[in-house]
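Structure first, then comments.
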Amino acid sequence: MEVYSRIRTPTILFVVIFAALTSLALGCKVGFYQATCPRAESIVQSVVKSAIRSNPTYAPGIPRLFFHDCFVNGCDASVLLDGSAPEQTASTNSHLRGFEVISTAKARVETECPGVVSCADILALAARDSVVETGLPRWEVPTGRRDGLVSRAEDALKLPGSRDSAEVQIEKFAAKGLNIEELVTLVGGHTIGTSACARFVHRLYNYSNTNAPDPHIDQASLPHLQTLCPEHGDRTIRVDLDTGSVNNFDTSYYENLRKGRGVLESDTKLWTHHITQNLVQQFISVGRPNQLTFSKKFARAMVKLSQVEVKTGNEGEIRRVCNRIN
């Protein structure tokens, strides 16, 4: 696969914004490990960069892993835990990837600073670093989270689903303290990565028992999707979520929604709902200023997501390895 392009944006545009955003972190702060493990962030960045160069699918995989973690009992690395029916065994988590990258980063950080840096923080940093590798400017991530002690597959039912209506998505995001604009912005993460046919094949042949495809799918794109995902074919086949720009973190995903080229039903619903459509529209106009707007809003939304139900102080623990409690 091609090496990801990088948008060269002056970092100064983001400094003031993220200085203010760090106040959202209750018990977390930028530079939390400055005194106790000053190289923690650079170690994580190095591991992530190397992993993505070897396997570009980690670029979308790690942010998705982070998102699925935060939406289930907060950003506490519970999605990384093994055990009896943990979160990662839920059907909604069946295609998650990047576990080994986080484990590698944790092992290297532990070598330098044993028992100091949480897996929850390593996952948050790795999600940021993955996005930066695909084109967005770097932003500061508040750290100081602690790791959760519980992981249950049934709790993953809280996750947004690929068939959710806009109303259901709005409700699920609101339950985590995220507003509608943050919903539309964070779902823009689908500008990179793929989906299994199983997540959307129902749209291609017998949508809602009509014996016809979903009418919101662009008719010119439909034959291509049907070729990739035959009605009775292999449903594990992966399909790009952002046609024509799957390796670059940009705003073309939103333009594809407008054209009826959204792959997931939940994504398409963001264009067909009048409230979310207005927010999608703001990212569609072509050009560098629009990309800068998206970059800033995505980074801001990621910082807010990273504060969902975090454990700090004496809550939880600092795991020695990320897949099991101490």
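Backbone N, Cα and C atoms are what each Cβ position is placed from, and that goes for glycine too.
Unlike curated records, TrEMBL annotations are generated automatically.
According to TrEMBL:
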- 1-27: signal peptide (SIGNAL)
- 27-326: domain 'Plant heme peroxidase family profile' (DOMAIN)
- C37-C113: disulfide bond (DISULFID)
- R64: site 'Transition state stabilizer' (SITE)
- H68: active site, proton acceptor (ACT_SITE)
- D69, V72, G74, D76, S78, E87: Ca(2+) 1 binding site (BINDING)
- C70-C75: disulfide bond (DISULFID)
- C119-C322: disulfide bond (DISULFID)
- H190: heme b binding site (BINDING)
- T191, D242, D250: Ca(2+) 2 binding site (BINDING)
- C197-C229: disulfide bond (DISULFID)
**Report entry** Which of C37, C70, V72, C75, C113, the listed recorded positions, has fewest other Cβ atoms within 10 Å
**Finding:** C113
Query - Mean of pLDDT values spanning the domain 'Plant heme peroxidase family profile' (27-326) - result: 95
Query raised in the report: How big is the gap, in Å, between the Cα of C75 (disulfide bond) and that of D69 (Ca(2+) 1 binding site), rounded to a whole number?
Result: 6
**Report entry** The one of D69, D76, E87, D242, D250 whose CB sees the fewest other CB atoms within 10 Å, among these binding-site residues
**Finding:** D250
Query raised in the report: Residues near the Ca(2+) 1 site, D69, V72, G74, D76, S78, E87 excluded, by Cβ within 8 Å of the Cβ center?
Result: H68, C70, F71, N73, C75, A77, V79, G148, S151, D155
Query - Minimum Cα separation from D69 (Ca(2+) 1 binding site), reported as the residue among recorded positions C113, H190, T191, D242 that achieves it - result: H190
Query raised in the report: Nearest to C70 (disulfide bond) in three-dimensional space, by Cα, is which of the recorded positions C37, C113, T191, C197?
Result: T191
